[in-house]
Amino acid sequence: MEDFCDLRRAVRLHRIAGVNADQAAGDRFPPWSVLETKELLAIRAALDKNFSEMKQNRMLWISVAGKMKAKGFNRSDEQCKCKWKNLVTRYKSLHIQGCETMDPKALKHQFPFYDDLHTIFTARMQKNWWVEAENRSGVLKRKANEDPNGDRELENEEKTKTKNVTKKRKWKRDNDLEEHERNLEEILKGFLKREMEMEREWREAFRVREEERRLKEEEWRMKMEGIEREKMTMEILWRENEEKRREREEARAQKTDALISALLTNLT
């Protein structure tokens, strides 16, 4: 369980750093502004009843895109649908993490659309409860008309059904939570595994680069040593040639002096 908490903290830091779906989609589409997202949520909230009643909701998303365009925001139906799914995923993730215990300012800074989504889902849940209560009331009325003396039996039966429904909901909620936690744990394990693989690949690439740099430095050092040796050899040859040239000039000067001396002697 401690490992799972560590994994959850890791993904939370990852989300704060900006690794989320909207940023990935930002490479293809313009990013959504806060005002634009608020308008999308308001339009989606107004059509929530229609979305709940219709299985094929493509036309509804086209209607949402049309209303967005009328408000001055040019978004396609697929963009609106994708943005809605990303917002719902983020809301559910924060809800599971226990956002009720978080500081409201920190929550608003981390996800400014939480209250809007919470209002939509709360209204949907209240509506479902109302419809279910209305249906149960209609069933009770019909049974009461059929058997006026069976009120207590119907009441007990209704209480039993209510308890069973409550237990089933709790069991389903617990199972959904456990399944979500397992899925999240698998995702985080895969994420951390990929991070470790990337780190190993980076270390290997770094080692290869360092080896190439060392080889190049060694080659450069050897070339410089060869140039230095060649320079010293040329300098030695130059000094030897200079020494020979001075010797020839001195010998030539001595011969010239001897010749001049001989001429002066002959003249005298």
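Any Cβ shown, glycine's included, is placed from N, Cα and C.
Where the annotation comes from TrEMBL, it is an automatic prediction and has not been curated.
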Range annotated as coiled coil in TrEMBL, from 66-93, 94-121, 178-205, 234-261: 234-261
Helix, strand and coil totals (DSSP H, G, I; E, B; other) for the domain 'Myb-like' (31-88): 44 helix, 0 strand, 14 coil
